[in-house]
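Features as listed in TrEMBL:
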- 7-29: transmembrane segment (TRANSMEM)
- 11-447: domain 'Major facilitator superfamily (MFS) profile' (DOMAIN)
- 49-70: transmembrane segment (TRANSMEM)
- 82-99: transmembrane segment (TRANSMEM)
- 138-156: transmembrane segment (TRANSMEM)
- 168-190: transmembrane segment (TRANSMEM)
- 299-320: transmembrane segment (TRANSMEM)
- 332-350: transmembrane segment (TRANSMEM)
- 357-381: transmembrane segment (TRANSMEM)
- 393-412: transmembrane segment (TRANSMEM)
- 424-443: transmembrane segment (TRANSMEM)
Amino acid sequence: MTWKLSVIHQITLCCAIGFTLFGYDQGLYSGIVVNSEFLKDFNEPNSTLIAHISATFDVGCLMGAVLICWMGEKIGRRKTMMSGCIIHAVGGVLQASSYGPAQMIAGRFVAGFGNGFITATVPIWQSETASAERRGKYLCIQLAIVDFGIVIVNWINFGMRNVASSVAWRFPIALQSAFALTCCFFVIFLPESPRWLITNERFDEGEQAIAKILQLPVDHENVQSMKTDIMVHVEHEKEVKNAMTLKQAFSGQDSLQNARRLFSGAWANAQQQLSGINTILYYLPFILQHSAGMDNTMVLILNACNSMNLAFFTLLGWFVIDRVGRKKLMSIGFFFEGICFALVTVGLAVNTKQSQFVSVAFMFFYNTVFSVTTNATPYLYAAEVNSQYFRSLGGALGSVGNWTFNYIVVLITPIGISNIGWRLYIVFTVFNFAFCPITWFFYVETAGLTLEQVDELFERLYYKKKGIENPVLPVEQSKAIKEVKGGEITVAQSENVDDTQGKV
């Protein structure tokens with residue numbers, strides 16, 4: 001197969017198609033649950049059944065991500081992606097052929113299970129193959145295409161609103177399988193993560209993967225330098241890991257601070273969901289009908305326009321995510337998202353035509369702020385903050401955090417709107433204002449660092465806390481490498497290099 005794009009751009013495009021499934025499914029049921037043919041075929045389901053049908057996808061995603069915690073590091077990034085795509089496609093077929101809630105819920109779960117594989121793997125595969133200075137930009141492109149998936153399905157839902165048959169909802173549901181199979185096809189032609197290959201002692205394949213990604217000969221000094229850096233850090237992580245018990249590792253006693261890093265990546269994703277984004281993405285038409293009293297055509301138009309707003313401003317995140325940094329960008333985002341939800345709450349509570357307009361405007365503005373600041377950043381942070389041996393687990397735990405709280409938010413939103421109305425949005429207002437200082441004071445900045453430098457940053461912070469100012473870390477050892485042959489590393493003897501320091 002002949003490509004004109006560079007290999008890293010091919011990987012970015014493939015990951016973006018995989019993430020499009022995520023966006024497509026997020027937007028899919030926002031229009032389906034107000035489609036008259038769907039409501040008729042499912043005997044006018046109440047808000048509780050609608051919530052369970054929508055949220056079952058998130059349960060599947062959660063279960064898929066949990067499995068990847070164990071399986072992801074064993075089978076690699078490519079096989080995980082392909083498996084997830086095939087499972088997702090099967091789930092799409094089950095949903096599109098449904099004649100009752102039971103099969104629909106089962107199909108949603110299966111599709112979600114496959115999507116859990118994909119969302120846990122895409123940020124890791126991308127971060128392990130992209131350069132430090134472009135890692136954030138590539139993920140912004142992916143998330144913009146996720147949002148493009150939401151745009152596609154929202155306009156499809158709008159176009160199908162007057163179709164007088166079950167095709168009105170079956171066709172949009174079935175289309176997700178096409179995205180899944182397309183992504184699976186593209187993965188076949190792309191290289192595995194060189195970091196995963198080297199970690200699993202497949203050194204020659206890792207070297208070939210680096211050469212393919214850099215588009216340089218295998219014996220080029222840049223290829224060999226990157227291979228050496230990865231091998232040194234992998235070996236160091238292995239030594240630290242082997243020297244620690246599981247209890248010690250998860251009580252923060254290892255120099256790499258793996259427990260802290262795993263938790264911070266997972267919690268970044270949990271915060272994103274508790275900020276209230278999927279209250280709007282899943283249920284904006286439902287909210288506009290039940291809280292603002294708008295007609296079906298208007299709510300579908302506004303929903304589609306809102307998703308276009310989301311996609312456009314996520315792409316603008318390209319210009320700030322690496323310049324501003326992860327920690328500062330998330331903190332700014334949560335602060336302004338809190339302001340948006342506060343004004344949405346006030347507008348709906350006053351309940352005049354003018355105040356409802358204000359609420360809708362600030363739902364749009366919330367999406368604008370979210371798109372630029374907290375859309376891509378948590379996914380990226382969970383992928384890049386963890387050490388190599390724990391990166392697959394960290395990415396999977398990030399997805400677990402994402403889908404756990406995604407499920408909770410999606411489940412309670414229609415029930416909350418039906419029972420307590422505008423008061424529901426007070427919860428998201430409080431969450432956003434709380435997340436701002438949490439992120440600012442407890443997160444470590446990772447922007448602009450290679451994945452190996454992130455390891456060194458956490459080790460330096462660990463030793464500084466212990467009163468050791470200048471530990472010898474893998475970066476110093478890699479400068480003293482004399483020879484790398486197969487999986488063996490020979491270190492030149494020097495009075496400035498002590499390969500016993502910096503170990504626990």
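Every residue number used here counts from 1 along the chain in the order it is shown.
Just so it is clear, glycine is given a Cβ too, placed from its N, Cα and C backbone atoms.
Bear in mind that the values here come from a model prediction, so they are computed numbers and not experimental data.
Highlighted: of the candidate stretches 82-99, 168-190, 332-350, 357-381, 393-412, 332-350 has the greatest count of Cβ pairs under 8 Å to the transmembrane segment (424-443). In this chain, the transmembrane segment (138-156) touches the transmembrane segment (7-29); three or more CB pairs sit within less than 8 A of each other, excluding pairs fewer than 6 residues apart.
Within its own chain, the transmembrane segment (299-320) is flanked in space by residues 27, 30-31, 34, 137, 140-141, 143-148, 150-151, 154-155, 157-158, 161, 280-281, 284-285, 288-289, 329, 360, 363-364, 367-368, 370-373, 375-376, which lie at least six positions past its ends and keep a Cβ under 8 Å from the stretch.
Within the same chain, residues 119, 122-123, 127, 135-136, 139-140, 142-143, 147, 264-265, 268-269, 271-272, 275-277, 280, 284, 287-288, 291-292, 302, 305-306, 309-314, 316-317, 320-321, 326, 329-330, 332-334, 336-337, 340-341, 343-344, 346-348, 398, 402, 443, 446 sit at least 6 positions outside the transmembrane segment (357-381) and bring their C-beta atoms closer than 8 Å to a C-beta of that stretch. Within the chain, the transmembrane segment (49-70) has long-range Cβ neighbours (under 8 A, six or more residues past its boundaries) at 25, 29, 33, 42, 80, 84, 87, 91, 101, 104-105, 108-117, 119-121, 282, 286, 392-393, 395-397, 399-400, 402-404, 406-407, 410-415. Long-range contacts of the transmembrane segment (138-156) within the same chain, counting only residues at least 6 positions beyond its ends with a Cβ under 8 Å from a Cβ of the stretch, are 8, 12, 15-17, 19-24, 26-28, 30-31, 122-123, 126-127, 130, 171-172, 175, 179, 281, 300, 303-304, 307-308, 310-312, 314-315, 317-318, 321, 371, 375-376, 379-380.
Non-local neighbours of the transmembrane segment (332-350) in the same chain are 271, 275-276, 291-292, 324, 356-359, 362-363, 365-366, 369-370, 372-374, 377, 421-423, 425-426, 428-433, 435-436, 439; each lies 6+ residues outside the stretch with a CB under 8 Å from one of its CB atoms. When pLDDT is averaged over the domain 'Major facilitator superfamily (MFS) profile' (11-447), the result is 86.
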